[in-house]
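Presented below is the structure to which this report refers.
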Amino acid sequence: MPTVQSPNLRIPLLVALLPSLSTATLYSTYKFNPLEHLGGVAPYFEPQDPPTSPTPPRGCTPVRAAYLSRHAAIYANDFDDEEYMEPFISKWENHTGVDWSEIPSLSFLSDWSAPFSEAEQELLTRLGKLEATELGISLSFRYPGFRLPQRVWTSSAERTAKSAQALVRGFELQDNTINVVTIYESEEAGADSLTPYKSCPAYSSSAGSDQASVHLKTFTKPIIARLNKLAPTFNFTAEDVYGMMVMCGYESVIRGSSPFCSLDLFTPDDWLGWEYTADIMYHYNTGYGSNAAGTVGLPWLRATASLLMDAAPAQDLYVSFTHRELPPTVIVAMGLFNNSEFSGGDVNETMPLDRINHRRAWKSSHILPFLGNIAIERLNCTGSSGFADGEYYRALVNNAPQPLPDCGDGPGTSCSRQGFETYLEDRTAMFEGFSAKCGVEYKNSTDSLTIYTDPKFGNGTMVGKRSDPSSLW
């Protein structure tokens with residue numbers, strides 16, 4: 001017969017266990033930062049997705065690298081402002097029926113002011129200039145054995161050009177030896193620009209809006225009910241909520257913080273709903289839900305791979321600046337962040353509109369925050385790596401090494417030159433034919449990106465001269 005133990009007899013055992021229990025977590029350590037879930041308006045951060053080490057694998061040394069970067073943080077995108085922020089700001093400025101100071105979570109609206117003017121739209125913020133400069137410094141430390149780049153490339157918009165100039169400042173400080181080559185944002189350049197989506201009629205800038213609007217209404221419904229209970233006469237709408245939440249990102253990169261980011265105003269679940277809405281839009285606009293995405297992104301991949309595999313390239317490091325549209329298309333061309341990579345199913349089914357797929361790989365916050373970048377490195381590895389001596393290649397997105405599809409026969413997330421060549425052949429077979437697949441009708445289109453090697457693009461313009469600091473700051 002089993003014996004019944006008195007509760008008092010258990011106390012010594014519990015006391016004995018306390019030292020080991022004290023090393024365990026007995027409370028929640030959950031933390032949430034809205035700024036890491038803001039898609040294309042997220043300040044630059046490194047999400048460690050996956051949490052692979054950016055340090056070169058043991059026994060390997062980077063000998064060449066190429067980066068494609070989105071421009072740094074701006075005051076406001078014109079679409080976000082015109083569609084969401086300005087209408088909310090105007091509505092708030094002209095509404096007198098609410099005493100905001102009486103509503104704890106919205107009390108800041110009693111004396112808040114808009115963080116930017118119409119004239120500042122699309123311009124780099126001070127933080128943006130600083131972060132682009134820090135990227136240049138970071139790359140110089142990351143690749144100490146590389147020759148100083150002769151050129152850095154940028155599309156012709158002011159925000160991309162200023163980002164490139166700030167990066168150059170971080171590289172050379174006062175040597176003034178790096179040229180910034182500006183590539184005009186032409187609508188008839190074919191694949192030969194840093195904005196090829198503008199030359200692709202099959203690409204639509206409005207793609208994804210309809211699908212995103214479905215989830216926008218879904219995730220904002222309870223938020224609207226909550227806010228309208230607090231301020232019934234204001235009549236909050238889905239667009240108001242979206243504008244307030246997008247303000248969190250822009251105001252943070254302008255002023256350093258924003259009351260719209262408060263978790264007392266919007267909960268973590270609210271922010272995850274916002275992020276998923278953005279992910280749906282980018283999925284259909286520049287991601288796997290777009291038939292044009294891989295075709296638009298392939299020319300940069302092929303041109304970059306050619307530079308890195310060249311026996312004697314002009315530079316050890318290539319850096320280019322563009323807008324938010326191009327990096328995701330390159331991601332698709334490379335086969336990264338693919339929800340359906342291991343399922344073989346319909347990729348659009350992985351992004352349902354009526355609920356959040358929390359297990360998705362496609363997260364725009366992890367792909368294209370301000371200054372978000374894609375890199376491909378060529379590594380020289382010795383036998384100490386555990387692999388044969390030779391060339392290996394790996395990709396990084398925002399400093400997180402990414403395993404390439406069917407290309408992992410090297411140290412860490414890298415693959416051998418032979419594996420990389422086979423990988424490129426497979427990706428090319430999927431997406432080649434820019435002019436045909438884009439439905440190009442203008443003359444003299446091209447399917448290749450040649451800006452890095454074609455002398456017709458010239459030497460660019462010298463920047464960063466200390467005699468004219470206003471040209472940068």
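Placement of Cβ uses the backbone N, Cα and C atoms for every residue, glycine included.
Between Cys381 and the candidates Cys60, Cys200, TrEMBL records the disulphide bond with Cys60. Put simply, of the disulfide-bonded residues Cys60, Cys248, Cys407, Cys415, the one whose Cα is nearest the Cα of Cys200 (disulfide bond) is Cys407. Here Cys407 (disulfide bond) is positioned 28 angstrom away from Cys438 (disulfide bond), judged by their C-alpha atoms. In this structure the alpha carbons, written CA, of Cys248 (disulfide bond) and Cys60 (disulfide bond) are 41 Å apart. For Cys60 (disulfide bond), applying a Cβ distance below 8 Å and a minimum sequence separation of six or more within one chain yields Leu379, Asn380, Cys381, Thr382, Ser385, Tyr392, Pro411, Gly412, Ser414. A separation of roughly 41 Å, to the nearest angstrom, links the Cα atoms of Cys261 (disulfide bond) and Cys415 (disulfide bond). All protein chains shown were included, and the count of other CB atoms within 10 Å of the CB of Cys438 (disulfide bond) stands at 22.
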